[in-house]
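The ATP binding site annotation in TrEMBL covers LYS21, ARG22, ILE23, LEU24, ARG25, ARG169, LEU170, GLY171, ARG172, GLY173, GLY174, GLY175, TYR176, TYR177. Taken from TrEMBL, the feature substrate binding site applies to ILE67, GLU74.
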Amino acid sequence: MSNINTNPEEQNLLDSVFKQKRILRSKVRKTLKSMDPSLRSHEDIAIQNNVLEAPWFKSSQRLCAYISCSALREVDTSKLLSEILQTPANGGDMNMVKKLYVPRVEDKNSHMRMFHISSIDDLIANSMEILEPAPVDANGHEREDLMQANEPVDLFLLPGLAFDKSGRRLGRGGGYYDTLLTKYQELAKEKNWRQPLFVALSYSLQILDEEIIPLTPNDVPVDALVTASGIIPITPAALDRMKL
């Protein structure tokens, strides 16, 4: 976690922040572990329904979403993925078809890629039993990588361990999402694309008081939170895109 460009004082501060994060992660994991299964199931359904009804979701044409893992106690995304991947029936509006990218962890050095999939069948279980896209499809063709796409994505649906209403996000400590999101922000800026909306899905007990989550310079904030009780817009971009 150290940085060769930091001086000893800055490094001590960073070490302190990382320690605070580890303690907070441990607390949140215990809280999630004790969450009542029926409450969790209720919130899973409500959160996904809130996403499906959101103007910024309906208008998105290209988006990134995580594949939920029940062992990690992440907010379920199975209904969302199913809806996104559904092709309109005959006579349906082809403009409503959404292009989906999902994550694949490449190594233990915070390197994650997002690949385009067109079906749930494109996913395979990795060594951790987490579903991921293979880099090549059934026909041996390379899947499209988000970072090589010719068009921008509108939306990222993000997981996390904890969040607050100022947009702070506590991940699991690997830095995978913060690294990818930062790279994508830089790509969008370079290509003069509109920045995507970063939206996190959260159980009610994952939302903490403001400023409890410690920050490092590499942390990427979210634009909005989706909970079972509704959507919490945080940034002006989120407020703007909540309008139809």
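Yeah, the Cβs are placed from backbone N, Cα and C, and that goes for glycine too.
Checking each of the binding-site residues ILE23, ARG25, ARG172, GLY174, TYR176 against GLU74 (substrate binding site) by C-alpha distance, the shortest gap belongs to ARG172. Distance noted between the C-alpha atoms of LYS21 (ATP binding site) and ILE67 (substrate binding site) is 24 Å. In this structure, the C-alpha atom of ARG172 (ATP binding site) lies 15 angstrom from that of ILE67 (substrate binding site). Distance between Cα atoms for LEU170 (ATP binding site) and ILE67 (substrate binding site): 18 Å, as a whole number. Remark: of the binding-site residues ILE23, ILE67, the most isolated position is ILE23 (fewest other Cβ atoms within 10 Å of its Cβ). Nearest by CA distance to ILE67 (substrate binding site), out of the binding-site residues ILE23, ARG25, GLY174, is GLY174.
Ranked by Cβ neighbours within 10 A across all protein chains shown, the binding-site residues LYS21, ARG25, ARG172 are led by LYS21. A 10 Å cutoff on Cβ-Cβ distances gives TYR176 (ATP binding site) a total of 20 other Cβ atoms nearby, all chains included.
Close to GLY174 (ATP binding site) in the fold, though at least 6 residues off in sequence, lie LYS108, SER110, each with a CB less than 8 Å from its CB. All chains included, 20 other C-beta atoms sit within 10 angstroms of the C-beta of GLU74 (substrate binding site). Considering only the residues assigned to ATP binding, LYS21, ARG22, ILE23, LEU24, ARG25, ARG169, LEU170, GLY171, ARG172, GLY173, GLY174, GLY175, TYR176, TYR177, the longest pairwise Cα distance works out to 20 Å.
Around the Cβ of LEU170 (ATP binding site), 21 further Cβ atoms fall within 10 Å across all displayed protein chains.
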